[in-house]
Structure formats: structure tokens, C-alpha cells
Amino acid sequence: FLFHKCFCASTGMACLSCLLEYGTVKIIVIRNKAVGSVFRLIQFLIILYVIGYVCVVRKSYQVKDSVISTVTTKVKGTGFTNISGLGAHVWDVADYNIPPEGESSFFVLTNMIITPNQMQSSCPELPDQSTICMSDSDCTEGSSDVRGNGIQTGLCVNYSETVKTCEVLSWCPLEIDTDLPENPLLAAAENFTVLIKNTVTYPKFNFHKRNILPDVNSSYLKQCEFNRITDPHCPIFRLKDMVAEAEEDFQTMATRGGVLGILIDWSCDLDFPEHYCGPKYSFCRMDNKNPENNVAPGYNFRFAKYYKTTDDVETRTLIKSYGIRFDVIVFGTAGKFNIVPTIVNVGAALTILGLVSPVKSAVLGLGV
Amino acid sequence: FLFHKCFCASTGMACLSCLLEYGTVKIIVIRNKAVGSVFRLIQFLIILYVIGYVCVVRKSYQVKDSVISTVTTKVKGTGFTNISGLGAHVWDVADYNIPPEGESSFFVLTNMIITPNQMQSSCPELPDQSTICMSDSDCTEGSSDVRGNGIQTGLCVNYSETVKTCEVLSWCPLEIDTDLPENPLLAAAENFTVLIKNTVTYPKFNFHKRNILPDVNSSYLKQCEFNRITDPHCPIFRLKDMVAEAEEDFQTMATRGGVLGILIDWSCDLDFPEHYCGPKYSFCRMDNKNPENNVAPGYNFRFAKYYKTTDDVETRTLIKSYGIRFDVIVFGTAGKFNIVPTIVNVGAALTILGLVSPVKSAVLGLGV
Amino acid sequence: FLFHKCFCASTGMACLSCLLEYGTVKIIVIRNKAVGSVFRLIQFLIILYVIGYVCVVRKSYQVKDSVISTVTTKVKGTGFTNISGLGAHVWDVADYNIPPEGESSFFVLTNMIITPNQMQSSCPELPDQSTICMSDSDCTEGSSDVRGNGIQTGLCVNYSETVKTCEVLSWCPLEIDTDLPENPLLAAAENFTVLIKNTVTYPKFNFHKRNILPDVNSSYLKQCEFNRITDPHCPIFRLKDMVAEAEEDFQTMATRGGVLGILIDWSCDLDFPEHYCGPKYSFCRMDNKNPENNVAPGYNFRFAKYYKTTDDVETRTLIKSYGIRFDVIVFGTAGKFNIVPTIVNVGAALTILGLVSPVKSAVLGLGV
């Protein structure tokens, strides 16, 4: 309307004067307690929403930033096994932590099937519907089943006194992985501890902090252990405690392996002093949680240690290793007061307040 | 205006009565079909926007959550090579999967350059503009080129009958990596399969699910293989199929190596029953896709197996391994109806509807 | 108000005619230069906000997408050490890069404590408050301290001529990690280089690009080295330069280890031609930056190389390796013009403009 008037007016001073005109609506004030109460109630609800939801819950007056994080871990502890074929063996971190370092996860070996002294040679396949044979004609030279253990030589040989299977070229003797120990061999792993060093950065606020808080000194760090009540700031965790916090049993989980999430929450309100911003730890099992859907449970992988015999033949020890992979997941958002989102959100809130006017008119229209 | 009146009024009951007053604008109803039509059209477009875009496309009435995911993988299959120097060799998962486990990626070795029996000693450098020499004075004792293979001894020795190069202290004999096999040595890798176990969590909705769906049983899992049409829920993938889905040729990719992304999309609308929420798989090549920009193609890295000879000297087999790294990338957002975003978005939409009034006034102003 | 009228009216043509009615407010134009100026100033500020903040700073007219990225790295360089017990030794990438490949990080060994020829046997524990003993009764057979090195045999034996400690079953001899070399053994690592290959995808815009830009050719790539001024597009970085850019000293950091972040920013405005979209590199130290909070500094881990002696006994060389882990962190958001967010944001801005009317009324109310 005003624009229209301005376009009609001549340019120059006449237009300037026109720009400084204003139009306003004629307002009639009517005293009606019922409509007035509804009107005030709506205004009250909107102000409540602005203060309660926008300011308190969402903190919309703040600029947000996402965490950038670095994690390093160090496991401590030794275990002892006495497996037939391997003999008495003490396991330390270089033995059970495979691979020796990960970006933000570490693996602790708890159970295993060891097949020592494998060599490249030929041996009968493990008996199976597709590998049991009566004569050489049942076997195909050069064929290789993706679920098998090697390349068939075309011969049918004795697997045991009663069963004949196709012979394969492979690392022999083959691994027999059907008799997994029912109790984890490295049951002592439940008492291993891990030191988690986590440094976070909120680049927008130039905020840096470690999970080893400033009030933690060397001597405390040498003997402390995380406990939600007595030692909530100690960054050293006993494996058993973490698994227990996730409401799992360590020995059960250790038998077939699994994945445990170590969640570190760095959500912070940086309008408060820096020392209120600290890590909050929680733990949960990350792999299958649904007992009804229990196909292919656990976590395991195979690795080998390679040796050479004196006559230069390569041998290896194959280890099918079951264990717990601990994934450290760092997350969080920090917020800090900033004028721009404050203006934007107060503006939006005022807009909604402005809305009450038409609503009021409608109410009035209905009421008259 | 109202505030002003309230401030002027005396406090107490007088003010309360003032609070319950209301001002309203005097509205004149004019019948003008042209302006009325435009007004209704604008209202219609806004309602269309609210329903179509805000509700259907963006689902703004929902609370959203991002996926937290855990991935474990297990590769199966055996390959056979017959390389001069190494002899007939069967490769199983412990041999070709390096390192044995990753957080959410796995590597399958497909091609390689093997340099066996390296020892710490001295040997002539590979011939190159900077290493070819005429006499000892061309070589500098102790110098080490970042692109070279060792520390120069200061001597100039015969590399071949015609060429002399500076001698270096290094793992000798040096690797000659210029003649990479044109066909991948482990071509059989295309028939290897991988079982991907992926568990996702939407913490806000306490929603947990695996990619091994509840209707998958053990016997199906033992023999199934992912196929987009016949077996879309089988979590076992043939490597060749995944590469083909990414519109690449396995043998070509296997020769020089590469990175393949396995993308699992868990985007879900949790207002629908849980069984509608499932994984959607897609595959794409992640490294260089631009044939015109083909500098430094492929993917390879070096690793070594260390041995000790009977007289306690360390030797190693250096393997420059080319292969495909499969990165499993899990993403997705879930939404579920919640009253708070519904109110906020309906409020915002009403605000825009309220806008039509001034626009209408302007239109009227222009029209008169 | 209008709805109310419509509901009262009879259906059919009567209602249609009612839909095409419109109500408008009676507007009185008053010439008041003071109030008019304030009104225009507010309008000006809002338009400034819309253009300046919404359009220029936030680019709210664009659809956004987050980067999907793949990183591969390759380190080059050789170092030389002469440690007592190990002798002269040249280190190449297969030796110092552990594990041989990571998803988006790599580790360079710079300092170490080597304990060769460890065997499973028994030996006296390292002296400590809890391990020093007077007689066998001070030691408990089978007990294992989480901070100790093995399983106690129950015997108290001579550690040195003056000190007796409990005997443990372990990999013996035990590692003595108190005398870390003050200067990094692999000081030459500062001149190692790393080629970082990074391919990014913005799936919404079907945009793919590598950090090896199209104008980089093979011969340039063979000899170039990143320099912020002279070679800003070369993807080969000298380790020392990266550490220097993070304002750290390489030799200091190398002694006790650390974590260095290589940040690649791919934020792009895809309304501009594609070649303006390129990687921006920055570097910062990711682990502890706070010299006052210096508990448990650095980065190290243990790994072992396993051998078998001629009489089939397993031995190992334990390496406590200190070094720098380089984490490649790729981030960025791309935006491109799209009609939907443009409409939404222009709508919101107009809404705020519409707000000026009530504000003006209030101002007028106060002013009269």
C-alpha cells in the first residue's frame, strides 16, 4: 500500500516525505473479559514456549559446535593358559591385543582355537555333505568351494577310518573349529584394565580438554580405577566393570566374543565455567542384543603367525580368536551465547506473538 | 499499544481490568472477486506447501535421530598362486586379509610383488637419474634420498654389467616393483564372499536392529548369497557382485587395487511398524573415478613377514600388496512423531498464513 | 472471522461467493517524520539482515550436503639406527609403519625400547613396592597384578645383588622401559614424506573430486612437496613440515610420541565453477595441548615379532614403540542453489518484515 503510494508520488523531496509517512490501523478497544482472558492465555503460552522450550530446552540463543576427538588406549594385564599342544603360556598385551593399535577401538583376545604347525601341503577336507566322496570321480581337480578350506587335488582319501573326503591343497592340518572351549581360555581378561586418553576440541570456541582432568595427578593415575560413585574421573577402566555396566556377563560374552561400545559424551554448555565441561561415560553392547534373533552370534576373526623352519619351509600357527572389541565412540555438542542466533530466535518468537492478533480477530468474529 | 495503556493505568485491580481489555482492528468486508481469488490462491499455495513439503517431504512433525552402528566382517574363500620363487601356495583368509580385522573396513589382497629373503646388508641402488654413478665421488656416505631405498655407503658399485649405481645399506635384495603382474595373481578372489554383520541403534527411540533380519535362520545363512532380486536380505556378498554393482570390472580393479564403498542405508520412518525398517545396500567405487585424472591410481601398501635364520639373523619377506579395500559406510536418520516439532512447525506455517493479510492489504492498496 | 462467516452461510454458490469476499483493515495514513524514520530504519535493518546474514553468511538459499570421503596414504623414506643389541639397522616403510594400513590414519615409529629374545619362562619381577620380597612367603603362587608383568610362581629370587623380588612366569627377560632414549632413535623420520590420496563425493550433487587436482601430472607428482605458498596443491607432505605447521617441534614430539591431525576442508559453494572447489589443508596436534595438565603424555604401544628357534621354541622381540599417529580428518559441506530453501527463507524474512507493522502500531501508541 505504502509502496504503491510512493510509486505514484513524484521523485525527489516529495518521495522522501512520502517515505516518512506511515499508515496505521484504527484500533478499537473493547472491554470483554472472556475474549481478553483467552487472548492473554495465548500470549502467556507463547511466552512460556519461548522461555521454556526455545531458551531452556533447546538453548537457541547459542551457537553450536560438534566435537573433534582423538582417542588412544592402552591395555594392561597378563593372563595364563595351559592348552594341550601349546603348553603353559603367559599372555601379555602384545599377544592378546590384535592389531596392536586402532584408531579408536581395541580388541582383547579371550578365547581361541589354535592350530599350530600348519604347512602348505595336501590333506583330506573336513567331512561335509559336499566333501564326502566314494572315489576320485566325486572330486574335481582344481575346484574350490568358497566355504571349503582349499583347492581340490582330485583325489578321494581317508579322513578317518570310516569316512573318505576329497583331498585339498591347503595349510595342513586343517583347523577344526567345532569344539570351542566352553569357558574362555583367557578368563583372567576380566581383570585387565585399559587407560583411555581422549582429547576433544570445539574448534569454533577454541576449547580443548582431555578426559584426564587437570585435578588428576600422576600418583592418582597410577592406582585409580573408574567407579561411577567413588572415582568418576579416573580414565582407567576394568574390563569386567565396563561389561557389567552394559548389563552383560563378562565370561558369557568372552566365550563367543562381542563388541562393546564405550560412549563418551562431551555435551557442554560453555556459558558455564570450563570445569563444568567433562566427559560422561556410558557402556553398551553394540552387537546383537536380541536373544530371539541369535543367528551368527559373537565376534571372531582368524590371524596367523608365520615362521620358517631350518630348511626354509614356511609354517604358521593359525589362531581363530574370539574376543571383545571395544569401540570408543565420542560425541557431543557444545553451545555458547552468541548475538546472531539470539536475534534470529527472538525475532521468530515475536513473529509468533504477532500471530495472536489475527487469531484474536477470528475469536472476536466468532464471539460477536 | 496495549502495553502502553497498561503502564499508564494505575496498579492493582485497575491494571487487571486493563489486561482483560483487548484492542481489535475494524475490518471492512468488500466483495471483489479478482482480489479475493488471488487471496485464496495464496492461502491454497501455503497450505499446499505446509502439507506437501513440511509434512510429506521433510516430515517436520517428527523428532529425528542419527544412527549409531557397529560393523564386523568375515571373508571366506581360498585362492591358489604359483609364483616363481614362492612355488605353489594356497591363500586363505589369514593370508590375504591384512590386517586381520578393521573397525569397519577389510582388505582383500589380489595382486602382489613378493621379495623374499631380504636381509640387512648393502647392495646397489635401483638405477635412476640420481643414483647412477661413475665413481665413488658421485655418492655421499650417509645420505638418504626420501624416494630411495636406503642409506648410501659412499661406494659406486655395479648394478648390472653396464650400469653402476651408488651402494646403499638396506634390506637387500631390493624390491623391483616395475613388473606388476598384468592379471591379478589372486584372480580367484572374485568368488570370495563376505558376511557383514551390522547392528544399528537409534538411541532416542531405543530402537535396535541387525542387518541379519529376524526371519533369517541359520540354515538359510549357511547357503544364501546377496542378490538384489532373489535374496535382498542375505548379508553374505560375493566380492565380484559388489564390484559389478559399482559398475566396475573386478579383474581390472584387482590388478592395481582400489577402494570400494559398501553403503548401508538405515533411513527409517519409525511411525510405521518396525519390520519396514531395514538395511538398503548400495555399492560404489570410492577412489579415483575420473579417467582423465589418472595420476597415482589404485591402492597398495607394503608389509613384511619377519623370520630368523638358524644363526639368529633376521630376514623378511617383503610384500607389496595390491588389493581392494572395502569400506562399510553405515548412515541413516530415523524419525518418529513428536508433539514438540509438530507444534513448532504448525506454528511457523500459521505464521506464514498470517502473512497473507498484509500482502492482501498491499494488493488491495494497489488495486484501488 | 472469514471462516466463521463461511460456516454460517448456506452451501453451494452462496459459499463460493463468500470465499471470494475479503476483509481488509481500514488504514489511516498519518504524516509524522519521527515515527516514519524509525519505521523505515527497522525495515532497513531487517532487509540488511536478510541479505547480509541469511543470503551472504549462511547461504540459506542453498541445499547442503555433507562430504563422503576416502583416504589412502603412503609413506616414503628410510631411517638408520645403531642400537646396542640390535646392531646397525635400516628401517623402511614396512618396518616403521604399523599396522601397514589404516582406514584414515597412519603411524610412524620414531622411538622405541627393544627387548629381543624373549621366551616363555620365569624371571624376577621388576622391583616395585608390591614386588620386593624378603622370602617366598611374601609372594603368592598364581597371583597376577594388573600392573605387573606375569603370574607369580610363589618364589622370592634375586633381582640384583641387593634386591629380591617375586619370581613371575612371563616373557623373559622382562622389558625395562625406564630409560627411553632422550632423542628419537629414528630422528630421520622428520624427512619422510607421505602421499595422501583423498577422494570426496557430495552424493546430492553427484560431485566427485580428488585432492590430486586435474592439473597435477605424473612428473610433477614425482618431485613435488606441499608448501603453502609455492606448492599448495601437491598432495605429498614432509612430516616435519606438518608438525611445524601445528606449531610443534618434530624431535620433541617424536621422543614420547603424539597424535597429529591432518584436517582437509572440502567446504565448497557449488554455484561457482567446479575448479574453485578444492582441498584446504591444516594441521594441529590432537593429543594433550595443555602443558599444565601433563599427566601420561605422548603416544606409544607395544607390539612383538614372533620367531621359532630350531628346537621349535617360540621367541619374540618386543618393541615398545613411540611415534606419531597421523589422523586424516576430512570434513566439509557443499551448497548449491535450490528453489525450495529459497522460498522457505524468503518467506521467513517477509514474515519478520510483516512484524514491523504491529511494532509500528505500538510505537505510534506510545508516541501519541
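Cβ atoms here come from the backbone N, Cα and C positions, even for glycine.
Annotated transmembrane segment per TrEMBL: B:38-56, in sequence order.
Under the three-state DSSP scheme, B:Lys320 (ATP binding site) falls in the strand class. Of all Cβ atoms in the protein chains displayed, 17 besides its own lie within 10 Å of the Cβ of B:Lys320 (ATP binding site). Sequence annotations record features per position, and here TrEMBL assigns ATP binding site to B:Lys74, B:Val75, B:Lys76, B:Thr193, B:Asn300, B:Phe301, B:Arg302, B:Lys320.
Residues or ranges marked as disulfide bond by TrEMBL: B:Cys123-B:Cys172 (among others). The local packing around B:Cys123 (disulfide bond), expressed as other Cβ atoms within 10 Å of its Cβ over all shown chains, amounts to 21.
TrEMBL lists B:Cys133-B:Cys156 (among others) with the feature disulfide bond. Cβ-based neighbour count (10 Å, all protein chains) for B:Cys133 (disulfide bond) stands at 22.
Residues annotated as disulfide bond in TrEMBL: B:Cys139-B:Cys166 (among others). DSSP assigns B:Cys139 (disulfide bond) to coil in the three-state reduction, outside any helix or strand.
The feature N-linked glycosylation site is assigned by TrEMBL to B:Asn191. The Cβ of B:Asn191 (N-linked glycosylation site) has B:Gly77, B:Arg238, B:Leu239, B:Lys240 as same-chain neighbours under 8 Å, each 6 or more residues away in sequence.
The 10 Å shell around the Cβ of B:Cys224 (disulfide bond) contains 16 further Cβ atoms across the protein chains shown. Residues annotated as disulfide bond in TrEMBL: B:Cys224-B:Cys234 (among others).
The disulfide bond feature in TrEMBL is assigned to B:Cys268-B:Cys277 (among others). For B:Cys268 (disulfide bond), the same-chain residues that are 6 or more apart in sequence and have a Cβ closer than 8 Å to its Cβ are B:Tyr202, B:Phe207, B:Tyr276, B:Cys277, B:Gly332, B:Ala334, B:Gly335.
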Item to check | List of the recorded positions B:Cys123, B:Cys133, B:Cys139, B:Cys277, B:Asn300 facing chain A, defined by a Cβ pair under 8 Å | outcome: none
Next on the checklist: Using a Cβ cut-off under 8 Å and a sequence separation of 6 or more, which residues in the same chain sit near B:Val75 (ATP binding site)?
Outcome noted: B:Val93, B:Tyr96, B:Asn97, B:Phe106, B:Val108, B:Phe192, B:Thr193, B:Val194
Item to check | recorded positions satisfying Cβ distance under 8 Å to any chain C Cβ, from B:Cys156, B:Cys172, B:Phe301, B:Arg302 | outcome: B:Phe301, B:Arg302
Checklist outcome for this item: Those recorded positions from B:Lys74, B:Cys133, B:Cys156, B:Lys320 that fall inside 10 A of B:Cys139 (disulfide bond) by CA distance are B:Cys133, B:Cys156
Checklist entry - What's the CA to CA span in angstrom from B:Cys166 (disulfide bond) over to B:Lys74 (ATP binding site)? => result 46
Checklist entry - Out of B:Lys74, B:Lys76, B:Cys234, B:Phe301, the recorded positions in the record, which is closest to B:Cys156 (disulfide bond) when you go by Cα distance? => result B:Phe301
Next on the checklist: So if I measure Cβ to Cβ from B:Arg302 (ATP binding site) and keep only same-chain residues at least 6 apart in sequence, which ones fall under 8 Å?
Outcome noted: B:Glu175, B:Leu318, B:Ile319, B:Lys320, B:Ser321
Next on the checklist: Among all protein chains shown, how many Cβ atoms are found within 10 Å of the Cβ of B:Cys156 (disulfide bond), not counting that one?
Outcome noted: 21
Checklist outcome for this item: Nearest to B:Cys123 (disulfide bond) by C-alpha distance, among the recorded positions B:Lys74, B:Cys133, B:Cys224, B:Asn300, B:Phe301, is B:Cys133
Item to check | Candidate disulfide-bonded residues B:Cys133, B:Cys172, B:Cys224, B:Cys234, pick with smallest Cα gap to B:Asn300 (ATP binding site) | outcome: B:Cys172
Item to check | Among B:Lys74, B:Val75, B:Lys76, B:Thr193, B:Asn300, B:Phe301, B:Arg302, B:Lys320, the record's ATP binders - longest CA distance, Å | outcome: 24
Checklist entry - Quick one: Cα separation, B:Cys133 (disulfide bond) versus B:Cys172 (disulfide bond), in Å? => result 19
